[in-house]
Amino acid sequence: MIPVPVVVTVLGGWCAVYLADTLLKSSNSLKASYEDWLLTYGLSVSPFHLRWQTALFNRQFYNWGRWKPKFLYLWFSVGMVFGIVAMFGSVILLGKTLLQTLTQMLTEAPKAQNDRMLQVVVSVPSSGLCLRTVPGVNLPISQLTYFFSAILISGVIHEVGHGVAAIREQVRFNGFGIFIFIVYPGAFVDLFTTHLQLISPVQQLRIFCAGVWHNFVLGVASFMVLFLLPAILFPFYYTGVGALVTEVAEDSPANGPRGLFVGDLVTNLQDCPVYNVEDWNSCLGDISEKSQVGYCVSAATLQQLSFPARVYRRLDGTVECCSNNSLTDICFSYSNKLDSHLYACLPARKVIEASKVCRTNMDCHKDFVPSFCVTPSLENQTRLIRVKHPPHIDMLYVGHPMHLQYTVSLSSFVPRQNFLSIDLPVVIETFCKYLISLSGALAVINAVPCFALDGQWILNSFLEATLSSLIVEKQNRELVGFLILLAGSALLAANVALGLWMVTAR
């Protein structure tokens, strides 16, 4: 659920703003001057909605709209085709998302969703991300700056597309504005409605599709920056040598005198080499899915290090044989020719250091020295992981691999000089991922044939351009459009409702 302090702060802030607005408008002495001030600065206040509009940027918009007319004609014509395809594609995508959500709801043990934002966002997004990303619920507080900045930039680019396309089609441009709805920022352009109604349906399509088109272009541009980031930052950072630790959470099991520290370079997880953050995540995933690896220990060493201990079973059926409450000893299981279920309580670091990783005793046969493959006997889903971060001593981690993944932040970029920030590449990467995700989601949602979205106007103009010869009566065309819009609105509403339910109620 959304944290109570966040709800109180948001509701309290809006109540204060609306109360002040109401008092000033009801005051006989201040009403006239207050309304003049609002009008002068283009401000308007309503419940949970603050809006600012200005004509300061009109000249710039007109300069953009008159720049290289032939290029802009081609640009927005391509955008028109993309917008029409996106309108049909968004319906298919939302339908598929709805079916997947319903299937997941009806499944007794739904497949875990990897909603971590900044996994989020590596690929071109689907609508599911937009519908299931809720600040304060499944979005970390530390990511709010990225989230709201990406929303605002995506909204501004979207509206710039509409404004420039409108000027290109000789529609009067009245102004540009920014608004805040509850906590979400956005942008808008004010166009002269009469001019919009007088131009042809194809011209209208170029204008209405421009926002979706610009969001798509912004997402592609952000993806290219993300893809080329190693080359862009090559003079200052190098990659491919490991995963650089940028943050370790206070409650992380990796925190401690023999744990990980900011600036450490992780090169291996067990026998899995780590060259970048993707390798780190992939190795942890493999370790989590596969059974625990063992370590080759000679029979003489095993006899020397082990000490007698009582063997008992845990509630999950696994075996524990260390009863001395030591933080350094772990119960290991192994087998010999006579018995396949032997256990020994051993000091973990002495067993693991300078030992070869193994799966069976056959992996340990070398130089005719009797050896056994000893495997940590741990609770289900718990793993013993050896983390190499030279020149420091290896960290031995016992716990669920995903806990290590969620509490340690890393970067693939290593500074060439000490004065360079280790956080800068992470900031650029994260922001690009948010832009890809949210700009793409904005394109998908706005393309849906739904009331009050761009898809409504795209659909109406598309029907006028294609069905005017088949359905002569305008009233009948409007009826067809209304039915489609009704279905599209229901589809989007169902996705939003179920998406929010999946996030907040489960």
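The backbone N, Cα and C atoms fix where each Cβ goes, glycine too.
Residues or ranges marked as domain 'Peptidase M50' in TrEMBL: 146-486. Annotation comment: TrEMBL describes 72-95, 146-166, 173-192, 212-234, 434-459, 479-503 as transmembrane segment.
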Please give the sequence-distant neighbours of the transmembrane segment (146-166): residues at least 6 beyond its ends with Cβ less than 8 Å from one of its Cβ atoms.
61, 64-65, 72, 76, 79, 117, 133, 135, 139, 173, 176, 178, 183-189, 191, 196, 206-208, 210-215, 218, 430-431, 434-435, 437-439, 442, 446
With pairs fewer than 6 apart in sequence excluded, do the transmembrane segment (173-192) and the transmembrane segment (434-459) have three or more C-beta pairs that lie under 8 Å?
no
With the transmembrane segment (212-234) as the reference, find which of 72-95, 173-192, 479-503 contributes the most Cβ pairs under 8 Å.
72-95
